[in-house]
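Participant: Next up is a structure, given as structure tokens.
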Amino acid sequence: MYALLLRVMFLVPPERIHHLAFAAMRVAARFAPTRALVRRLAVVDDPILHSTVFGVPFRAPLGLAAGFDKNAEGVDVWGPFGWGFAEIGTVTAQAQPGNPAPRLFRLPADRALINRMGFNNHGAARAAEQLRARTATVPIGANIGKTKVVEPAGAAADYATSAALLGPLADFVVVNVSSPNTPGLRDLQAVESLRPLLRTVLETVADGGRRVPVLVKIAPDLSDEDIDAVADLAVELGLAGIVATNTTIRRDGLHTDPEDVAAMGAGGLSGAPVADRSLEVLRRLYRRVGDRLALISVGGIETPEQAYQRVLAGASLLQGYTGFIYGGPFWTRKIHRGLAELLRRDGYTSLTEAVGAEHRGPRPQADTA
């Protein structure tokens, strides 16, 4: 059924259908009868999936990745639609229009998207207003980025402005230095640039008077050495975790016609083609930091089996966006139900018990004698 609907929706320009679908979801979540129906169809409340990560309780591990709800307009939508949490943004200190359209493209043959949105959003002050009014029952993270017109020398102060506005209202803050669509942003992933930026954000959030976990989001295109350096820095500074990974600028291995891909132009590629590298980065990070940091894995997750693989590889939480687009409004139910079944199949009593299990070797078999 959804496959047919998806074909119809794909007749509409991607950004337009995004706004229409998002509006429909907000309407469904606004009224008690439709909200109750959606919740019954989407929510999986299974104790085996409950966990506490960086001091925040999560009733389910799959969250909505940043990029869908840029302005925190749907914070009360995501719980009823089965998400364990959601990340708003990316939000910048100043409102900005983003890059010129067209800036969002579909690659159905690859179950992927290319975007060069450019952090289009209404600004941190507007997002803060939305967060103040929320009644959300799931954790909400605030993903913050650099305002495009701000020079690199002013990046730390720019991030601090967003952190000061959103930190007191969010359950966690994610520092995004990995989008390929803001010129020079990825240069901030270099440790010598990242250290003062993260310190400033940490100090700003601490000044807000409540403990708010701070994470950093990294790109899949970093070298292994740079991944290690960021991981070491995160531990050094006392970050709560790392979100891995953002979109990639690579285009190799795609099934979509190369001429069509070239015509789409620059931007970050998300979806199935990112899965292998995202898993690779996750494994490297866990080997580096173990349980000293929480790892949120995002990139190419489509099935319960892939979700389970990420947990075993070291992910305490998961995120999706492109999988949601191709999987439909109740995709979260499929992932959560399947993940719970896989955990029980292998003898785990909780999600937390399974995090990073592949790095600890085979599980001992129960004595049946």
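A Cβ is built for glycine as well, from the same backbone N, Cα and C atoms used for every other residue.
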Participant: Figure out which of Gly271, Gly356, Gly361 sits with Ala66, Gly67, Phe68, Asp69, Lys70, Thr90, Asn143, Asn176, Lys217, Thr245, Gly300, Tyr321, Thr322 in the FMN site per Swiss-Prot.
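Facilitator: Within the candidate list, Swiss-Prot flags Gly271.
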Participant: Which one of the binding-site residues (Gly118, Gly271) has its C-beta surrounded by the most other C-beta atoms within 10 angstroms?
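Facilitator: It comes out as Gly271.
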Participant: Please give me the CB contact count at 10 A for Phe68 (FMN binding site), counting all chains in the structure.
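Facilitator: Taking every protein chain into account, the count is 21.
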Participant: Do you know offhand how many angstrom separate Lys70 (FMN binding site) and Gly118 (substrate binding site) by C-alpha?
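Facilitator: Cα to Cα, Lys70 (FMN binding site) and Gly118 (substrate binding site) are separated by 11 Å.
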Participant: Which number gives the other C-beta atoms within 10 angstroms of the C-beta of Asn143 (FMN binding site), all protein chains shown included?
Facilitator: 27
